[in-house]
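Enquirer: Take this structure first; my questions come after.
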Amino acid sequence: MAQQASAGRRYLRAFVSGFFVAVPVTVTVLDRFAYVARVEGASMQPFLNPEGGSECDVVLLNRWSVRNYQVQRGDIVSVMSPRNPQQKIIKRVIGLEGDFIRTLGYKNRYVRIPDGHFWIEGDHHGHSLDSNSFGPVSVGLLHGRASHIIWPPSRWQQIKPSLPPNRGPLDTEEEEG
Amino acid sequence: MFRRVLGKTLGFVGYTVQYGCIAHCAFEYIGEFVVCSGPSMEPTIVNHDIVFSERMSRHLCKIEKGDIVIAKSPFDPNMNICKRVIGLEGDKVCTSAPSDVFKSHTYVPKGHVWLEGDNLRNSTDSRSYGPIPYALIRGRVCLKSSMAILSTIQRCESVGSSKQVCLIDQSLDNILSSSPFCCVVMSLDVIATTTLETALASA
(Lines of atoms letter the chains of each structure in order from A and count residues from 1; the text may use other names and numbers.)
(Lines give C-alpha, C1' and ligand atoms only; values in the text may rest on other atoms or scores of the structure.)
Protein backbone atom coordinates (compact mmCIF):
# COMPACT_ATOMS: atom_id res chain seq x y z
CA MET A 1 0.00 0.00 0.00
CA ALA A 2 2.77 2.41 0.97
CA GLN A 3 4.67 1.33 -2.13
CA GLN A 4 1.68 2.17 -4.32
CA ALA A 5 1.35 5.63 -2.78
CA SER A 6 5.03 6.41 -3.30
CA ALA A 7 4.82 5.20 -6.90
CA GLY A 8 1.83 7.47 -7.44
CA ARG A 9 3.74 10.39 -6.01
CA ARG A 10 6.69 9.63 -8.26
CA TYR A 11 4.43 9.61 -11.33
CA LEU A 12 2.88 12.88 -10.26
CA ARG A 13 6.26 14.49 -9.80
CA ALA A 14 7.45 13.26 -13.19
CA PHE A 15 4.29 14.59 -14.79
CA VAL A 16 4.64 18.02 -13.17
CA SER A 17 8.30 18.38 -14.09
CA GLY A 18 7.61 17.26 -17.66
CA PHE A 19 4.77 19.73 -17.85
CA PHE A 20 6.99 22.59 -16.72
CA VAL A 21 9.50 21.72 -19.41
CA ALA A 22 7.12 21.01 -22.28
CA VAL A 23 4.77 23.96 -22.04
CA PRO A 24 7.33 26.80 -21.91
CA VAL A 25 9.46 25.17 -24.59
CA THR A 26 6.47 24.76 -26.91
CA VAL A 27 5.28 28.31 -26.33
CA THR A 28 8.75 29.71 -26.94
CA VAL A 29 9.24 27.74 -30.14
CA LEU A 30 5.84 28.88 -31.44
CA ASP A 31 6.57 32.49 -30.51
CA ARG A 32 10.17 32.76 -31.64
CA PHE A 33 10.96 30.20 -34.30
CA ALA A 34 8.11 28.66 -36.24
CA TYR A 35 4.36 28.61 -36.19
CA VAL A 36 1.95 26.39 -38.08
CA ALA A 37 -1.25 27.99 -39.31
CA ARG A 38 -4.25 27.00 -41.39
CA VAL A 39 -5.15 29.35 -44.22
CA GLU A 40 -8.83 30.14 -44.49
CA GLY A 41 -10.61 32.11 -47.15
CA ALA A 42 -10.08 32.82 -50.80
CA SER A 43 -7.94 35.95 -50.61
CA MET A 44 -4.70 34.27 -51.67
CA GLN A 45 -6.09 32.17 -54.54
CA PRO A 46 -4.68 30.71 -56.73
CA PHE A 47 -1.46 30.29 -54.74
CA LEU A 48 -3.01 29.14 -51.47
CA ASN A 49 -6.32 27.31 -51.18
CA PRO A 50 -6.62 26.77 -54.98
CA GLU A 51 -9.70 24.57 -54.66
CA GLY A 52 -11.58 26.76 -52.26
CA GLY A 53 -14.46 25.14 -50.43
CA SER A 54 -13.59 22.98 -47.46
CA GLU A 55 -9.96 22.29 -48.42
CA CYS A 56 -7.63 24.35 -46.25
CA ASP A 57 -3.90 24.70 -46.76
CA VAL A 58 -1.54 24.58 -43.82
CA VAL A 59 1.55 26.77 -43.96
CA LEU A 60 4.66 27.02 -41.85
CA LEU A 61 5.32 30.55 -40.66
CA ASN A 62 8.94 31.39 -40.03
CA ARG A 63 9.08 33.80 -37.10
CA TRP A 64 12.83 33.80 -36.61
CA SER A 65 13.55 35.43 -39.98
CA VAL A 66 11.27 38.39 -39.23
CA ARG A 67 12.65 39.12 -35.75
CA ASN A 68 14.25 42.31 -37.11
CA TYR A 69 11.16 43.12 -39.20
CA GLN A 70 12.98 42.57 -42.49
CA VAL A 71 10.91 41.35 -45.42
CA GLN A 72 11.30 41.47 -49.19
CA ARG A 73 8.85 42.44 -51.85
CA GLY A 74 6.92 39.37 -52.95
CA ASP A 75 7.15 37.52 -49.62
CA ILE A 76 3.97 36.05 -48.22
CA VAL A 77 3.60 37.29 -44.65
CA SER A 78 1.09 36.96 -41.86
CA VAL A 79 0.12 40.19 -40.18
CA MET A 80 -2.10 41.07 -37.22
CA SER A 81 -5.18 42.59 -38.76
CA PRO A 82 -5.35 46.33 -38.14
CA ARG A 83 -9.14 46.12 -38.09
CA ASN A 84 -9.45 43.27 -35.61
CA PRO A 85 -6.58 42.62 -33.17
CA GLN A 86 -7.68 39.02 -32.57
CA GLN A 87 -7.31 38.06 -36.21
CA LYS A 88 -4.27 37.39 -38.36
CA ILE A 89 -4.31 37.86 -42.10
CA ILE A 90 -1.99 36.35 -44.69
CA LYS A 91 -1.03 38.51 -47.67
CA ARG A 92 1.76 39.24 -50.11
CA VAL A 93 4.12 42.19 -49.59
CA ILE A 94 3.90 44.51 -52.60
CA GLY A 95 5.85 47.56 -51.48
CA LEU A 96 8.23 48.53 -48.71
CA GLU A 97 8.76 51.89 -47.05
CA GLY A 98 9.52 54.71 -49.48
CA ASP A 99 8.12 52.93 -52.56
CA PHE A 100 5.63 54.47 -54.94
CA ILE A 101 2.73 52.09 -55.49
CA ARG A 102 -0.13 52.13 -57.96
CA THR A 103 -3.14 51.15 -55.91
CA LEU A 104 -6.18 49.15 -56.94
CA GLY A 105 -9.23 50.89 -55.60
CA TYR A 106 -7.70 52.83 -52.70
CA LYS A 107 -8.74 56.44 -52.21
CA ASN A 108 -5.55 57.74 -53.88
CA ARG A 109 -4.41 56.37 -57.23
CA TYR A 110 -0.70 56.51 -56.29
CA VAL A 111 0.64 56.21 -52.79
CA ARG A 112 4.08 56.77 -51.30
CA ILE A 113 4.46 54.31 -48.44
CA PRO A 114 5.50 56.07 -45.21
CA ASP A 115 8.45 55.03 -43.05
CA GLY A 116 7.94 51.89 -41.01
CA HIS A 117 5.02 50.68 -43.12
CA PHE A 118 4.48 48.27 -46.00
CA TRP A 119 1.82 47.60 -48.59
CA ILE A 120 0.20 44.16 -48.59
CA GLU A 121 -2.27 42.68 -51.04
CA GLY A 122 -4.00 39.37 -51.52
CA ASP A 123 -3.41 37.59 -54.83
CA HIS A 124 -7.13 37.40 -55.50
CA HIS A 125 -8.07 40.99 -56.26
CA GLY A 126 -11.55 41.95 -55.32
CA HIS A 127 -11.93 39.10 -52.83
CA SER A 128 -9.34 40.28 -50.40
CA LEU A 129 -9.41 42.75 -47.52
CA ASP A 130 -5.95 44.27 -47.82
CA SER A 131 -4.04 47.53 -48.05
CA ASN A 132 -6.37 48.65 -50.84
CA SER A 133 -9.06 49.04 -48.20
CA PHE A 134 -7.12 50.03 -45.06
CA GLY A 135 -3.97 51.63 -46.46
CA PRO A 136 -0.34 50.94 -45.61
CA VAL A 137 0.24 48.68 -42.61
CA SER A 138 2.76 49.30 -39.84
CA VAL A 139 5.69 46.88 -39.83
CA GLY A 140 5.19 46.36 -36.10
CA LEU A 141 2.12 44.27 -36.88
CA LEU A 142 4.23 41.68 -38.74
CA HIS A 143 3.73 38.20 -37.32
CA GLY A 144 5.63 35.77 -39.54
CA ARG A 145 6.79 34.92 -43.04
CA ALA A 146 5.19 31.92 -44.75
CA SER A 147 8.10 29.71 -45.79
CA HIS A 148 6.57 26.32 -46.67
CA ILE A 149 3.24 24.82 -47.62
CA ILE A 150 3.04 21.65 -45.52
CA TRP A 151 -0.47 20.42 -46.24
CA PRO A 152 -1.77 18.98 -48.59
CA PRO A 153 1.31 16.77 -49.18
CA SER A 154 0.92 16.91 -52.96
CA ARG A 155 1.70 20.62 -52.90
CA TRP A 156 4.51 20.45 -50.35
CA GLN A 157 6.91 23.20 -51.43
CA GLN A 158 9.07 26.03 -50.31
CA ILE A 159 7.52 29.43 -50.91
CA LYS A 160 9.73 31.70 -53.00
CA PRO A 161 9.18 35.46 -53.09
CA SER A 162 7.47 36.41 -56.33
CA LEU A 163 5.70 39.59 -57.28
CA PRO A 164 2.62 39.45 -59.49
CA PRO A 165 3.28 40.97 -62.93
CA ASN A 166 2.97 44.76 -63.14
CA ARG A 167 2.73 45.16 -59.38
CA GLY A 168 6.26 46.27 -58.52
CA PRO A 169 7.10 49.71 -57.19
CA LEU A 170 7.02 52.50 -59.77
CA ASP A 171 10.15 54.33 -60.74
CA THR A 172 9.70 58.06 -60.90
CA GLU A 173 10.18 58.24 -64.69
CA GLU A 174 7.61 55.63 -65.69
CA GLU A 175 4.85 56.92 -63.50
CA GLU A 176 2.41 57.10 -66.40
CA GLY A 177 2.00 53.29 -66.37
CA MET B 1 35.64 10.68 -18.10
CA PHE B 2 34.65 11.90 -21.55
CA ARG B 3 31.18 10.55 -21.01
CA ARG B 4 30.78 12.40 -17.76
CA VAL B 5 31.84 15.71 -19.30
CA LEU B 6 29.42 15.17 -22.19
CA GLY B 7 26.60 14.34 -19.81
CA LYS B 8 27.28 17.43 -17.72
CA THR B 9 27.39 19.65 -20.80
CA LEU B 10 24.12 18.25 -22.09
CA GLY B 11 22.48 18.74 -18.71
CA PHE B 12 23.71 22.34 -18.56
CA VAL B 13 22.40 23.05 -22.07
CA GLY B 14 19.06 21.50 -21.16
CA TYR B 15 18.68 23.64 -18.05
CA THR B 16 19.66 26.75 -20.02
CA VAL B 17 17.03 26.04 -22.66
CA GLN B 18 14.39 25.32 -20.02
CA TYR B 19 15.00 28.46 -17.99
CA GLY B 20 15.33 30.56 -21.14
CA CYS B 21 11.94 29.35 -22.27
CA ILE B 22 10.39 30.01 -18.86
CA ALA B 23 11.87 33.53 -18.91
CA HIS B 24 10.47 34.13 -22.39
CA CYS B 25 6.99 33.03 -21.29
CA ALA B 26 7.17 35.26 -18.20
CA PHE B 27 8.21 38.33 -20.19
CA GLU B 28 5.71 37.62 -22.96
CA TYR B 29 2.62 36.70 -20.93
CA ILE B 30 3.07 38.13 -17.44
CA GLY B 31 5.00 41.36 -17.68
CA GLU B 32 8.31 43.12 -17.75
CA PHE B 33 10.13 46.08 -16.27
CA VAL B 34 10.72 49.00 -18.59
CA VAL B 35 12.75 52.14 -18.13
CA CYS B 36 11.00 55.17 -19.61
CA SER B 37 12.89 58.09 -21.03
CA GLY B 38 11.65 61.31 -22.51
CA PRO B 39 9.37 64.08 -21.30
CA SER B 40 6.10 63.12 -22.99
CA MET B 41 4.39 61.53 -19.96
CA GLU B 42 5.36 64.11 -17.36
CA PRO B 43 4.23 64.55 -14.62
CA THR B 44 2.89 61.00 -14.31
CA ILE B 45 6.06 59.29 -15.43
CA VAL B 46 9.24 61.35 -15.45
CA ASN B 47 12.49 60.61 -17.19
CA HIS B 48 14.23 57.38 -16.12
CA ASP B 49 11.29 56.06 -14.15
CA ILE B 50 11.05 52.31 -13.98
CA VAL B 51 7.60 50.93 -14.67
CA PHE B 52 6.16 47.43 -14.71
CA SER B 53 4.02 46.64 -17.74
CA GLU B 54 1.73 43.65 -17.52
CA ARG B 55 0.84 41.72 -20.65
CA MET B 56 -2.33 39.82 -19.77
CA SER B 57 -4.79 42.67 -20.24
CA ARG B 58 -3.50 43.19 -23.77
CA HIS B 59 -3.88 39.49 -24.64
CA LEU B 60 -7.39 39.47 -23.16
CA CYS B 61 -8.32 42.79 -24.85
CA LYS B 62 -8.99 44.45 -21.50
CA ILE B 63 -7.31 47.77 -22.31
CA GLU B 64 -9.63 50.60 -21.30
CA LYS B 65 -9.75 54.34 -21.63
CA GLY B 66 -7.35 56.04 -19.25
CA ASP B 67 -4.84 53.19 -19.09
CA ILE B 68 -1.21 53.98 -19.69
CA VAL B 69 0.15 51.57 -22.28
CA ILE B 70 3.46 50.73 -23.87
CA ALA B 71 3.15 50.29 -27.61
CA LYS B 72 5.42 49.81 -30.58
CA SER B 73 5.96 53.02 -32.49
CA PRO B 74 4.08 52.82 -35.83
CA PHE B 75 7.06 54.28 -37.70
CA ASP B 76 9.85 52.29 -36.13
CA PRO B 77 8.93 48.83 -34.79
CA ASN B 78 12.11 48.63 -32.72
CA MET B 79 11.12 51.65 -30.67
CA ASN B 80 8.50 51.68 -27.93
CA ILE B 81 6.28 54.53 -26.87
CA CYS B 82 4.53 55.03 -23.55
CA LYS B 83 1.24 56.96 -23.71
CA ARG B 84 -2.21 57.15 -22.21
CA VAL B 85 -5.20 55.66 -24.05
CA ILE B 86 -7.64 58.49 -24.70
CA GLY B 87 -10.12 56.79 -27.01
CA LEU B 88 -11.03 53.29 -28.11
CA GLU B 89 -12.66 52.27 -31.40
CA GLY B 90 -15.74 54.32 -32.20
CA ASP B 91 -14.96 57.15 -29.77
CA LYS B 92 -14.96 60.79 -30.76
CA VAL B 93 -11.68 62.46 -29.87
CA CYS B 94 -10.35 65.98 -30.07
CA THR B 95 -7.41 66.27 -32.45
CA SER B 96 -6.41 69.90 -31.99
CA ALA B 97 -3.84 71.35 -29.64
CA PRO B 98 -5.15 72.60 -26.25
CA SER B 99 -4.44 76.21 -27.15
CA ASP B 100 -6.34 76.16 -30.46
CA VAL B 101 -9.50 78.22 -30.68
CA PHE B 102 -11.31 75.94 -33.14
CA LYS B 103 -11.46 72.35 -31.98
CA SER B 104 -11.45 69.59 -34.55
CA HIS B 105 -12.81 66.14 -33.81
CA THR B 106 -12.48 62.73 -35.40
CA TYR B 107 -13.70 59.21 -34.79
CA VAL B 108 -11.32 56.38 -33.92
CA PRO B 109 -11.66 53.62 -36.56
CA LYS B 110 -12.33 49.96 -35.83
CA GLY B 111 -9.50 48.09 -34.16
CA HIS B 112 -7.53 51.22 -33.36
CA VAL B 113 -6.82 53.29 -30.24
CA TRP B 114 -6.04 56.96 -29.73
CA LEU B 115 -2.94 57.62 -27.62
CA GLU B 116 -1.79 60.89 -26.12
CA GLY B 117 0.98 61.82 -23.75
CA ASP B 118 0.11 63.55 -20.49
CA ASN B 119 2.48 66.37 -21.34
CA LEU B 120 0.34 67.74 -24.16
CA ARG B 121 2.76 70.53 -25.12
CA ASN B 122 5.71 68.23 -25.58
CA SER B 123 4.52 64.92 -26.88
CA THR B 124 4.46 63.28 -30.30
CA ASP B 125 1.34 61.14 -30.26
CA SER B 126 -1.87 60.34 -32.12
CA ARG B 127 -2.48 64.04 -32.70
CA SER B 128 0.42 64.00 -35.16
CA TYR B 129 0.27 60.46 -36.58
CA GLY B 130 -3.33 59.46 -36.10
CA PRO B 131 -4.85 56.44 -34.39
CA ILE B 132 -2.67 53.35 -34.05
CA PRO B 133 -3.75 49.68 -34.38
CA TYR B 134 -4.62 47.89 -31.15
CA ALA B 135 -2.24 45.06 -31.99
CA LEU B 136 0.75 47.39 -31.60
CA ILE B 137 0.08 47.67 -27.86
CA ARG B 138 2.54 45.59 -25.87
CA GLY B 139 1.36 46.00 -22.31
CA ARG B 140 -0.41 48.07 -19.70
CA VAL B 141 1.66 49.99 -17.19
CA CYS B 142 0.47 49.07 -13.72
CA LEU B 143 3.27 49.93 -11.32
CA LYS B 144 5.93 52.58 -11.29
CA SER B 145 8.92 52.99 -9.11
CA SER B 146 10.85 56.19 -8.78
CA MET B 147 13.27 57.10 -6.04
CA ALA B 148 12.24 54.21 -3.82
CA ILE B 149 8.60 55.21 -3.77
CA LEU B 150 6.24 52.69 -5.23
CA SER B 151 3.01 54.20 -6.36
CA THR B 152 0.11 52.60 -8.13
CA ILE B 153 -0.98 54.34 -11.24
CA GLN B 154 -4.71 54.53 -11.17
CA ARG B 155 -6.97 54.49 -14.12
CA CYS B 156 -7.97 58.02 -14.98
CA GLU B 157 -11.73 58.08 -14.73
CA SER B 158 -12.60 61.27 -16.54
CA VAL B 159 -10.80 61.31 -19.83
CA GLY B 160 -12.18 62.90 -22.92
CA SER B 161 -12.01 66.47 -23.94
CA SER B 162 -10.96 67.70 -20.52
CA LYS B 163 -8.06 65.23 -20.20
CA GLN B 164 -7.23 65.78 -16.59
CA VAL B 165 -4.04 64.26 -15.47
CA CYS B 166 -4.88 62.39 -12.38
CA LEU B 167 -2.25 60.29 -10.85
CA ILE B 168 -3.23 59.15 -7.43
CA ASP B 169 -0.21 58.27 -5.43
CA GLN B 170 -1.55 55.95 -2.84
CA SER B 171 1.02 56.20 -0.15
CA LEU B 172 2.15 52.67 -0.18
CA ASP B 173 5.61 53.79 0.78
CA ASN B 174 5.08 53.25 4.46
CA ILE B 175 4.19 49.66 3.67
CA LEU B 176 6.67 49.01 0.96
CA SER B 177 9.67 51.22 1.50
CA SER B 178 11.04 48.70 3.91
CA SER B 179 10.45 45.83 1.51
CA PRO B 180 13.18 44.59 -0.79
CA PHE B 181 11.06 45.31 -3.85
CA CYS B 182 12.93 48.42 -4.89
CA CYS B 183 16.24 46.62 -4.79
CA VAL B 184 14.71 43.98 -7.05
CA VAL B 185 13.65 46.69 -9.46
CA MET B 186 17.08 48.20 -9.53
CA SER B 187 18.74 44.90 -10.24
CA LEU B 188 16.29 44.14 -13.04
CA ASP B 189 17.25 47.38 -14.69
CA VAL B 190 19.72 45.61 -16.95
CA ILE B 191 17.07 43.41 -18.50
CA ALA B 192 14.69 46.25 -18.92
CA THR B 193 16.95 48.68 -20.74
CA THR B 194 16.58 46.69 -23.94
CA THR B 195 12.94 47.67 -24.17
CA LEU B 196 12.93 51.21 -22.92
CA GLU B 197 12.17 54.51 -24.62
CA THR B 198 9.21 56.73 -24.69
CA ALA B 199 8.94 58.54 -27.96
CA LEU B 200 11.50 61.24 -27.94
CA ALA B 201 9.30 64.23 -28.16
CA SER B 202 10.02 66.90 -30.67
CA ALA B 203 8.42 70.10 -29.62
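Every residue, even glycine, has its Cβ placed from backbone N, Cα and C.
Reproduced below are the annotations present in TrEMBL:
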TRANSMEM  A:12-30  transmembrane segment
DOMAIN    A:14-102  domain 'Peptidase S26'
ACT_SITE  A:S43  active site
ACT_SITE  A:K91  active site
DOMAIN    A:108-151  domain 'Peptidase S26'
REGION    A:157-177  region 'Disordered'
Enquirer: Ten-angstrom check, please: count other Cβ atoms within 10 Å of the Cβ of A:S43 (active site), all chains counted.
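Expert: The answer is 22 other Cβ atoms.
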Enquirer: According to DSSP, how is the domain 'Peptidase S26' (A:108-151) divided among helix, strand and coil residues?
Expert: 7 helix, 20 strand, 17 coil
Enquirer: How would DSSP class A:S43 (active site) in three states?
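Expert: A:S43 (active site) sits in coil per DSSP, no helix or strand.
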Enquirer: For A:K91 (active site), which residues in the same chain are close in space, meaning a Cβ under 8 Å from its Cβ, but six or more apart along the sequence?
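Expert: Correct list: A:S43, A:M44, A:I76, A:V77, A:V79, A:I120, A:E121, A:G122, A:S128, A:D130, A:S131.
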Enquirer: Give the helix, strand or coil assignment DSSP yields for A:K91 (active site).
Expert: strand
Enquirer: What counts of helix, strand and coil residues does DSSP assign across the domain 'Peptidase S26' (A:14-102)?
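Expert: Taking each residue of the domain 'Peptidase S26' (A:14-102) in turn, the totals are 19 helix, 28 strand, 42 coil.
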